[in-house]
Amino acid sequence: MSASATNGTHYEQLHQGRTKMYKSKVDVVLGAQWGDEGKGKVVDMLASDVDIVCRCQGGNNAGHTVVANGTEFDFHLLPSGVVNEKCVSVIGNGVVIHLPSLFDEVLKNEAKGLQHLENRLIISDRAHLVFDFHQHVDGMQEAEKGGKSLGTTKKGIGPAYSSKATRNGIRVGELLGDFNLFSEKFKSIVATHVRLFPSINVDVEAELARYKDYADKVRPYVKDTICFLHTALRNGKTILVEGANAAMLDIDFGTYPYVTSSNCSIGGVLTGLGLPPQTIGEVIGVVKAYTTRVGDGPFPTEQLNDIGDLLQTRGFEIGVTTKRKRRCGWLDIPLLKYTSLVNGYTCICLTKLDILDTLPEIKVAVAYKKPNGEKLDHFPGTIAELGNIEVEYAVLPGWQTSTEEVRNFKELPENAQSYVRFLESELSVPVRWVGVGKGRESIINVH
C-alpha cells in the first residue's frame, strides 16, 4: 500500500473518530424575542426526560417561573430543570454568580419543597463572581443616565461582565483556592471600583469574612463543568441547555445598547459551557404568541392602547425579576425571522396562545418599511433605524373562545390553528408545541 493511501486511511480514521466521538447531542431552549417567553416552562417539560440541564450565561437578572405539582417556583440563577430530581443541574462558566442571591434562592425554593439539591447541582469553577459593589455600581450608572437609562435589573450583571472583560474579575475557583490570593485580588478589584466610583463604600474585611463562609458553602457544588459535560456526552447522557434572557437582548445581536451584557443567542451556549458546535442537536425557539419587553428600548409593534392593556392584564405581564409591568404588542415576524437566522431554530414552542382568546381580530407584523414606503430586507442594526420604521400588519381573525382546557391541537378553534400555521409558513420553522396555560400539562404537542 502506498504512503499516500496509508495517510488517507489514517486521516479518515481520525476524522471519523472525531465526528463520532459523542454518543448524544445537546438540545437548546432559547428565547426568540425580548425574554419572558416561557422558557422555564418548556425546560421544565423537557427536563423530565434528560440527564443534565444547564445554564450557560447571564446571572440572576434572568427570571423563570415553573409550576410543578401545583407549586410555583421562581428561579433566577438555578436552571429551571432543578425541579426534576432525576437530573443534574449545571451552572456553566459563562454565568456570573452573586453567591448571596444564589443561596437565598436555594433557601426560598427549598421552603417550597425543592429537595436534595446538594447531590444534583454543579457550579463551574470558571464562572465569575458578582459582588455587592458591582450591584451598587450598576444602580449608580443607571441613575447617572437619568431619562436615558437602559432599564437594567441593577443586579450587577453588566459591571461583573465588565470586570471579566477587563481581566480583573474573580472566578469561583479562585475563591476556593488560596484565600490569601483571593483576598489580594478582592482588595485590588475593590480599589479599582472605588477609584472609578468614589461614593461607593466597601467594608473590605467584613466582605472577606463573609466570602470565607461562602467558600465553605459553595465548595461541595463546584467542579470542572467542561470535563463533566464532555464525559457525559461521550457516555450518551442527554443534555438540555436553558438560555437566559433572549435573542433581542443579546449583546451583539439585540437592540444595542438596550440589551443585556452576555450572548443569549446560540453562540453563548458554546462559549458559556465549553462545547463545540457539532454537539448541538435541536435548537428550540420559544415564541410568545404576542410580543413583550421589560424596560426601555425600541419596540416596533408596541400597543400603547387598550390592546396593550388587555395583553398586559390577561397575560399577567409583570417581570419575575424586576416586578415592572411589561410593555406589550403584536407578534413580530421580521424580528422572529432575524432571531431564527442567528439561532437556527429547528422548531418552535409557541406560548400563551390563550391570552389572545378574547380578541375578535389579531394583527401580526409581516414587514418593516422605511418612511418612503420601501420594504426592509434586513433587521435594522441601529436603534435609530429601528425607531424610524413603519410596520406592515396582516390581520387575522380571532377565535373568541377559551383554549385553556384544550390538550389536542386539532381541538383548538380553527382560527387558532390558522394563527399557528401562519407563523410556521412565515418562518419556515415547524411549531412543535403550543402553550395554552401556566402548568406543564397545558403544553400541546402539535406533531
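Yeah, the Cβs are placed from backbone N, Cα and C, and that goes for glycine too.
According to Swiss-Prot, the protein carries these features:
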type     : residues                                                                                       : note
BINDING  : 35-41, 63-65, Arg326, 352-354, 435-437                                                         : GTP binding site
ACT_SITE : Asp36                                                                                          : active site, proton acceptor
BINDING  : Asp36, Glu37, Gly38, Lys39, Asn61, Ala62, Gly63, His64, Thr153, Arg167, Asn245, Thr260, Arg324 : IMP binding site
BINDING  : Asp36, Gly63                                                                                   : Mg(2+) binding site
ACT_SITE : His64                                                                                          : active site, proton donor
BINDING  : Val320, Thr321, Thr322, Lys323, Arg324, Lys325, Arg326                                         : substrate binding site
Fill in the blank from the handout: Cα of Asn245 (IMP binding site) to Cα of Val436 (GTP binding site), in Å and rounded, measures 22
Exercise for the section: According to DSSP, folded down to helix, strand and coil, what is Asp36 (active site, proton acceptor)? Expected result: coil
Fill in the blank from the handout: As a whole number of Å, the Cα atom of Gly63 (IMP binding site) is distant from the Cα atom of the residue listed as 'active site, proton acceptor' by 8
Practice task
For the residue listed as 'active site, proton acceptor' and Asn61 (IMP binding site), determine the Cα separation and express it in whole Å.
Solution key: 12
Practice task
List the residues of the same chain that sit at least 6 positions away from Leu353 (GTP binding site) in sequence and have their Cβ under 8 Å from its Cβ, in sequence order, or write 'none'.
Solution key: Ala289, Thr403, Leu412, Ala416, Tyr419, Val420, Val434, Gly435, Val436
Practice task
Indicate whether Leu353 (GTP binding site) is helix, strand or coil by DSSP.
Solution key: helix
Problem - Residue among the binding-site residues Lys41, Arg324, Lys325, Arg326 whose Cβ has the most other Cβ atoms within 10 Å - result: Lys41
Problem - Nearest-integer angstrom distance between the alpha carbons (Cα) of Lys323 (substrate binding site) and Asn61 (IMP binding site) - result: 12
Problem - Lys323 (substrate binding site): secondary structure state under DSSP, collapsed to three categories - result: coil
Completion exercise
Cα of Lys41 (GTP binding site) to Cα of Lys325 (substrate binding site), in Å and rounded, measures 20
Exercise for the section: Provide, as an integer number of angstrom, the distance between the C-alpha atoms of Lys325 (substrate binding site) and the residue listed as 'active site, proton donor'. Expected result: 16
Practice task
Can you grab the distance from Arg324 (IMP binding site) over to Gly35 (GTP binding site)? Cα atoms, rounded to a whole Å.
Solution key: 13
